[in-house]
Amino acid sequence: MSRRLTEPKLVVATHNAGKLREIRELLAPFGVEAVSAGELGLPEPEETGTTFAENARIKAEAAATASGLPALADDSGIAVMALWGAPGIFSARWGGPQKDFGAAMARVAADLEARGKTEPQQRRAAFVAALCLAWPDGHVEEIEGAVEGIVVWPPRGDRGFGYDPIFQPDDHQRTFGEMSSEEKHGIRWSAEGGTGLSHRARAFAALAGRCLGEPVLP
Ligand SMILES: O=P(O)(O)OP(=O)(O)OP(=O)(O)OC[C@H]1O[C@@H](n2cnc3c(O)ncnc32)[C@H](O)[C@@H]1O
Ligand SMILES: [Mg+2]
């Protein structure tokens, strides 16, 4: 049985400012107060999983246990087909200790170049997000979302974070880095539930339908 969130407050189990902003925006219509793991001074657990889902669960359970509140974690990344899915779950680690995503994006482009993958159809990629909502008593709700597109080079736009400037979703002419966060989320709520554009918004819409109830729209 899936569980509804009845608590008025949850922890967003992330130390990534870009993600935190997006998750807060997505949570806004549900009237849930969201405190971050950083604000609570919670430690960052080691991401020892081999899948996005495992890592999301590690982060959510650690935060729920440490805070005594329900915790929502997101583990995400970009998987480039011609690179056999790299950087995938290593997307954050490709940024290095300095979190240098300019260098990480250049590495993606250089690896594609080295394999002779110059045409758009050879540069297919997907952004993936696994969400885990964990309660202190051990109950978890898990969901994944993905969006397909192509890797572009050079990077375009400075509105997002991470790999946004090199990812252009299918049926769009602009990269996530060129979109406002509303466009990137692309979220639409209806009586049937929610739809979204970004990996995170798609996963969130599904999780919301299961656990958060009706959005209160302006
Ligand atoms: O684990 P937390 O504390 O949440 O923060 P993190 O940055 O380490 O997050 P992940 O372990 O999930 O790594 C995901 C990386 O993938 C990239 N990424 C994920 N979602 C993205 C998005 O919507 N736009 C651009 N890059 C994204 C970004 O560089 C992240 O650092
Ligand atoms: Mg991480």
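Quick reminder: no glycine exception, Cβ is built from N, Cα and C everywhere.
Record features (TrEMBL):
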type	residues	note
ACT_SITE	Asp75	active site, proton acceptor
BINDING	Thr14, His15, Asn16, Ala17, Gly18, Lys19, Ser76, Phe161, Gly162, Tyr163, Asp164, Lys184, His199, Arg200	substrate binding site
BINDING	Glu46, Asp75	Mg(2+) binding site
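Proximity of the binding-site residues (Thr14, Gly18, Glu46) to ligand 1: a Cβ under 6 Å from the molecule is found for Thr14.
A distance of 20 Å separates the Cα atom of Gly18 (substrate binding site) from that of Glu46 (Mg(2+) binding site). Each of the recorded positions Glu46, Asp75, Asp164 was scored by the other Cβ atoms within 10 Å of its Cβ; the lowest score goes to Glu46. Taking every protein chain shown into account, Thr14, Asn16, Ser76 are the binding-site residues, and of these the Cβ with the most other Cβ atoms within 10 Å belongs to Ser76. Cα proximity to Asp75 (active site, proton acceptor) (within 10 Å) is found for none of the binding-site residues Glu46, Gly162, Asp164. Cβ neighbour count for Gly162 (substrate binding site) (all protein chains, 10 Å cutoff from its Cβ): 24. Not one of the recorded positions Thr14, Asn16, Gly18, Glu46, Asp75, His199 places a Cβ under 6 Å from an atom of ligand 2. If you measure from the Cα atom of His199 (substrate binding site) to that of Glu46 (Mg(2+) binding site), you get 23 Å.
In the three-state DSSP scheme, His199 (substrate binding site) is classed as helix.
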